[in-house]
Amino acid sequence: MPTGSVKLQSIKKLGHENHSYDFSNEGSNDDGKNQGDADQPAIRVGFFQLFRFATCNDVLMMVVGGMCAVLHGSAQPLMLLVFGLLTDTFIEYDIELNELHDVRKECVNNTIQWKRNYTAAGGLMPPQWDWSLMNNSTLEMFTALKSRTCGLLDIEHEMTNFAFYYVGIAAAVFLLGYFQISLWVTAAARQIQLIRKMYFSKVMRMEIGWFDCTSVGELNTRMSDDINKINDAIADQVSIFLQRFTTFVCGFCIGFVKGWKLTLVIVAASPLIGLAAGLMAMFVARLTGLELQAYAKAGAIADEVLSSIRTVAAFGGEKKEVQRYDKNLISAQRLGIKKGLIMGFFTGYMWLIIFLCYGLGFWYGSSLVVDTEEYTPGTLLQVFFGVLIAAMNLGQASPCLEAFAAGRGAATTIFETIEREPEIDCLSEVGYKLDRVKGDIEFHNVTFHYPSRPEVKILDKLSVPVKSGETTAFVGPSGAGKSTAIQLIQRFYDPKEGMVTLDGHDIRGLNIQWLRSLIGIVEQEPVLFATTITENIRYGRPGVSKEDIIAATKEANAYNFIMDLPQKFDTLVGEGGGQMSGGQKQRIAIARALVRNPRLLLLDMATSALDNESEAIVQEALDKVRKGRTTISIAHRLSTIKNADVIVGFERGRAVEWGKHNELLERKGVYFTLVTLQSQGDEALNEKARQMADNEEEPARLNLSRAGSYRASLRASLRQRSRSQLSNLIPESSVPMVGELGPRAYSVSQADKFTVNAIPEDEEEPVEPAPVTRILKYNLPEWPYMVFGSFGAAINGGVNPVYSLLFSQVLATFSVTDPVLQRKEIDGICLFFVMVGVVSFFTQMLQAYAFSKSGELLTRRLRRLGFQAMLGQEIGWFDDHKNSAGALTTRLATDASQVQGATGSQIGMIVNSLTNIGVAIIMSFFFSWKLTLLILCFLPFIALSGGFQAKMLTGFAKQDKQAMETAGQISGEALNNIRTIAGLGKERLFVDTYEAQLDAPYQAALKKAKVYGACYGFSQCVIFLTNSASYRFGGYLVQQEGLHFSLVFRVISAIVTSGTALGRASSYTPDYAKAKISAARFFKLLDRVPLISVYSDKGDKWENFEGNIEFIDCKFTYPTRPDIQVLNGLNVSVKPGQTLAFVGSSGCGKSTSVQLLEKFYDPDQGRVLIDGHDSTRVNVPFLRSKIGIVSQEPILFDCSIEENIKYGDNVRDISINEVISAAKKAQLHDFVMSLPEKYETNVGAQGSQLSRGQKQRIAIARAIIRDPKILLLDEATSALDTESEKTVQGALDKAREGRTCIVIAHRLSTIQNSDIIAVMSRGFVIEKGSHDQLMALKGAYYKLVTTGAPIS
């Protein structure tokens, strides 16, 4: 059960849904809320401010709706008045019958009198008795009979009148319910529509810097979820709150007006219930908090392990981690069980108090009726139920308050955005527009940092002139500020110091839309919108003619390929242009820029994504269009820059050199380094390409037509990456994305990457809900708990019908004429109430404890199995963004605990409802089958209305979601590509499109308001109708067939309460469905067969492992990026005991080859041989146990130094002496001994307490303790300063002795003494040999050594 406030809802009058108490999900949401709110601003929006966008009409609708709600709220208490009269009528009729059963009385002139001749009858009786009777009767003779009327009461006629009252109230309730809901929902829909429009148009006006600091995902959720929360707070919830509150007030009024004494007695007991509710909420919240903390520990372990999965796999730590995780689940499980027990205790306690309350109320009430005759029985019921209904509605009103709070919280951020004034307002009209634009641009001392990273200076006093009509090229390593300079020209940002001028005017004084209309920009990863080619080009300039479009495409060399497409210019390009190849997208983007007829042309790596052929074509197109325009070109391909008028070399945010191609080559600066590196790789690749073309006649082209020819895309990404410096900072293995794509491409192309697999991301591939039997199979060991729990639940289910039995019995006692007998019966019934309370106290505890125990055990078992299954997957599986560490940890946390919903408590609920209904129906048939049949006709409606209400609450959300989806796509596309849209000045267009899309959901919402209103009205009035029919028929049965009137009440209340129980059970189904889907997702994970299995014993193992390694023609692409060929026919071999060094630029496949050797992946083609065995057939744990790895950023676990070193070998127990000797070899021992806790020192999460050199040495000790035959050093010293490097290098040289070793390094000093040096480029080896041989060759290696350039 959810935690949270328990709302007391004692048994309602004849079955207004009998939720004897309900759980509002407050507690559990609160926990979530508080965590979420920590970073959200506090609620600063008052409740009435939520309505600030309401028009007069809206206010009018809300006022009328509110009045309807208040009237509706008073209907239930009103009905109590009718009910009281009805009860009195029945009782009066029954007393009359009882009196007339007395042989001595008769009905004369409509009053009951003694029979005249009763004495004559004396002879018929036994003399003794006769005598006493005589005596007695004679006494009675003298006491005149109370004047009781008789023969006047036509019970059927009376009941017909009451039936009409009920029908009247029902009709009124239907209408009021309809108006109350539909008016409020309509008004809310109109306001929300307005808020959505205002929010989106304001967001589109924000400056780009604001988007850097606000994630697009967050904005999208705000637009959907947060605005929906506001909707919940200002729609039907308000009217329902008003209605319930009115009922609360009226109920108490009736109680106090009709009988203040009884009311006070009942109210006196309520603090006990309130206290229990409060305590329970408190305990549950505390335990939930503790349980979350306890699980958080296990979650942290899971997160740590999953995010460093490569380290875990390399050291074979899977089983160890599963045990460590499982250990931490125990405390969470204990707390969960405790929570179940406490909830059971309080639930039971509540029921106990409620039943004691009943006992007390009826006992005291009956004494007021019988002894002092202050009340009629009807009044007793009116007062009793008046107070109960009041209390219950107060409880039911509380969830509404929660919705209000959530709405106010959500409104805070939304209203703040709506009020925020953008720093650079792209839609503003202010600013100059120059008459003539020459096109001179100059940067004066510009200093700049991005608002999202104020501590990183991107531009540092940059001063560069760009002359009009000339082509200026910006070159330099990634992150030097080239693209930033271009963004400042577009005025996406304003510089912190200095200024950018156009023809001598500071661009901050110019009109933004006008300024941007002068600029055409072609980016490296052009963004196309999900529409046709024509429309995409038209984005360049609105209202452009078809002729201009065709002219532009011809200039951009795009015309021919467009005409080859089946739909020509009307071809849809797909989301993000996903249907087009890189070269095609690029040319459409160029055409879009040309249509603008721009004065300034900015080319940001415009040709980097193309293959040679398209590059030549596009380059030619660009050369054509550059004539007479000021052009700034950023490029990494020197071929594209050579003929620029001025080349500016950037470094660390400054322009360090400028001049023509030849001048810069002589300076041997930034430009020179770039040139030398590049020409080398190009020659090698062309060579390779020629060989490949001979081998395979072209199948490759067709394969990957969407990426242009693959050699092309491969070259592109490599060329661009060869510059990237970021990749030295981030190890390839841990962030494959960055390693394989330079950082510039990273920002956009990550989004782009996924367009290939983007579709599955949003809607997780649909899973068939898992069969319950399979879930139960995992729960089998707990069967005794489930049996006991079900037993408790069955008894709890029987409580409701027993209650209606007792209730009708109380009414029956009022018609007993003998006072002594009457008293005795009443006392008996009250005692019985107490007994039922005590029994249900124990059974509730039993049910809660048993099911929480079985549920928690199941959750723990599933979490363990799930975690084990995750660790058993191959590494490629973790590369998929759907299986990121965060996503997997969440899946363990939520899915496993949701599965409980299908077993445990769910079974309890079902058993409870079934026994409830079963007992009620059997009982009713036993007492009066005719009346039962009549009521059963209504049962479907009652259940339906219960279902309706559940539907309503979770209700139309789904339809809304679909209706909002198209609008969501537009807003999503707009926010994701905000830079492109800003560059084209198309904000207004997107705002208009979005507003047009909002119309459909708005119309749907208006229609929904009416349907919802009608459903609500119906669900509210159905009970009244049931009562009307059943009492009328009951009256007939009492008069015609002599049915005792108490049985009428018994049957009606039994069935109606059980009907609502049915409704309640049906409202639990969403939980159940959720559980089945969670389970299915879980089982899918458990059933997945990994491509490379860690847990299996299959595969070759052999005795004398030597460490002879051979790569034969390996080709490989990462599974998540099939279009980028990483290894392209790698051939290299190492003999046992030799050291092989890989050198080459980032992304040439060095680390990848190491990962193939570790068997993280298998090659797509070719083979990796280890001692002559094919790696795909070798046993995985065996192979990994022979390999030790030290990577550039070693990953340590959050435990002591000793444990981290021991992690090197997870198969055996390692003594502290071994640890110390390994530490000495790694030159670590002295440092460890200097720490206060020595080897017990905790290294912190990811080793954060230690310096890099210290971490690196621990990692080396960890590798040494394995005593591996093969040692892999992946840039093991690159992250260190000179001093630590020496120490670590020394340690490594020691560790290498007598082992086969593969080194990847960027510092030549670390490589020179290797046996073989292999220079890699673009996925294959271009030259190999020893240091001296390679120097003699005077090839790539020689150049690198002599220029001293870093190899990356």
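Here the Cβ of each residue, glycine as well, is placed from N, Cα and C on the backbone.
Check TrEMBL against the ranges 231-254, 783-806, 999-1022, 1071-1094 and you find transmembrane segment recorded for 783-806.
In summary, the transmembrane segment (163-189) does not lie against the transmembrane segment (263-285): fewer than three C-beta pairs, each 6 or more positions apart in sequence, are under 8 Å. Counting Cβ pairs under 8 Å that are 6 or more residues apart, the transmembrane segment (375-394) and the transmembrane segment (59-86) reach 3 or more and are in contact.
Residues belonging to the domain 'ABC transporter' (441-677) score a mean pLDDT of 77 in the model. Remote same-chain partners of the transmembrane segment (826-851), defined as residues 6 or more beyond its termini with a Cβ less than 8 Å from a stretch Cβ, comprise 337, 340-341, 343-345, 347-349, 351-356, 358-360, 362-363, 366, 370, 785-786, 788-789, 791-793, 795-796, 799, 802-803, 806, 809-810, 813, 904-905, 907-908, 912.
Listed as Cβ neighbours of the transmembrane segment (907-927) (distance under 8 Å, sequence separation of 6 or more from its ends, same chain) are residues 786, 789-790, 792-798, 800-802, 804-805, 847, 851, 935-936, 1047, 1050-1051, 1054-1055, 1057-1059, 1061-1062, 1064-1065, 1068. Sequence-distant neighbours of the transmembrane segment (341-363) (same chain, 6+ residues past either end, Cβ-Cβ under 8 Å): 1, 3, 6, 8, 10-11, 20-21, 262, 265-266, 269, 272-273, 276-277, 279-280, 283-284, 287, 380, 384, 799, 803, 806, 810, 826-827, 829-831, 833-834, 836-838, 840-849, 852. Annotation: stretch 787-1074 has the most Cβ pairs under 8 Å to the domain 'ABC transmembrane type-1' (63-406), among 441-677, 787-1074, 1109-1347.
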